[in-house]
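Lifted from Swiss-Prot, the feature list:
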| type | residues | note |
| --- | --- | --- |
| DOMAIN | 1-141 | domain 'Globin' |
| MOD_RES | Lys7 | N6-succinyllysine |
| MOD_RES | Thr8 | phosphothreonine |
| MOD_RES | Lys11 | N6-succinyllysine |
| MOD_RES | Lys16 | N6-succinyllysine |
| MOD_RES | Lys16 | N6-acetyllysine |
| MOD_RES | Ser35 | phosphoserine |
| MOD_RES | Lys40 | N6-succinyllysine |
| MOD_RES | Ser49 | phosphoserine |
| BINDING | His58 | O2 binding site |
| BINDING | His87 | heme b binding site |
| MOD_RES | Ser102 | phosphoserine |
| MOD_RES | Thr108 | phosphothreonine |
| MOD_RES | Thr134 | phosphothreonine |
| MOD_RES | Ser138 | phosphoserine |
Amino acid sequence: VLSAADKTHVKAFWGKVGGHAAEFGAEALERMFASFPPTKTYFSHMDLSHGSAQVKAHGKKVADALTLAVGHLDDLPGALSTLSDLHAHKLRVDPVNFKFLSHCLLVTLACHLPDDFTPAVHASMDKFMAGVSTVLVSKYR
């Protein structure tokens, strides 16, 4: 559960991500594919090369979902219900992959916004990403 301070940190930090969200989402995906090669199996239909238009497009989808989640911190299950259904029932993504992508996104954000990615913001963003991951795997049960 995100505290009031966590919510403040997440909203303020995501605001600083701003127009770079899609770019950072794509970079996090590329980082995940490089660091955790088995994740590529879910994207076998895509060109996974660096800078690929398909990876950029999916990075934008990731960023848009996170922007939606940031706007609904008090109701992540409601905001992400459709995505949860998609990943659980249609795509059948192994739940561990959400942790991998979360980690890679946090690394990407820390690399690009080091002055803003304070220990407190890191902790809050980690809790936020864990919450998003929990919601996305909730329909697997």
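Even glycines carry a Cβ here, placed using N, Cα and C.
Overlay of Swiss-Prot annotations on the structure.
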| residue | record | DSSP class |
| --- | --- | --- |
| Lys11 | N6-succinyllysine | helix |
| Lys16 | N6-succinyllysine | helix |
| Ser35 | phosphoserine | helix |
| Lys40 | N6-succinyllysine | helix |
| Ser49 | phosphoserine | coil |
| His58 | O2 binding site | helix |
| His87 | heme b binding site | helix |
| Ser102 | phosphoserine | helix |
| Thr108 | phosphothreonine | helix |
| Thr134 | phosphothreonine | helix |
Checklist entry - Any idea what the Cα distance is from Lys11 (N6-succinyllysine) over to Ser102 (phosphoserine), rounded to a whole Å? => result 17
Next on the checklist: Applying a 10 Å Cβ distance cut-off over all chains shown, what neighbour count does the residue listed as 'heme b binding site' have?
Outcome noted: 21
Checklist outcome for this item: Cβ density check for Lys11 (N6-succinyllysine), other Cβ within 10 Å (all protein chains) comes to 14
Next on the checklist: Over the span of the domain 'Globin' (1-141), how high is the average pLDDT in this prediction?
Outcome noted: 95
Item to check | Minimum Cα separation from Ser35 (phosphoserine), reported as the residue among modified residues Thr8, Ser102, Ser138 that achieves it | outcome: Ser102
Checklist outcome for this item: The answer, for which of the modified residues Ser102, Ser138 has its Cβ ringed by the most other Cβ atoms inside 10 Å, is Ser102
Checklist entry - Among the modified residues listed here, Ser35, Thr134, whose Cβ has the fewest other Cβ atoms inside 10 Å? => result Ser35
Checklist entry - In sequence order, which same-chain residues at least six apart have a C-beta under 8 angstroms from Thr108 (phosphothreonine)? => result Phe24, Glu27, Ala28, Arg31
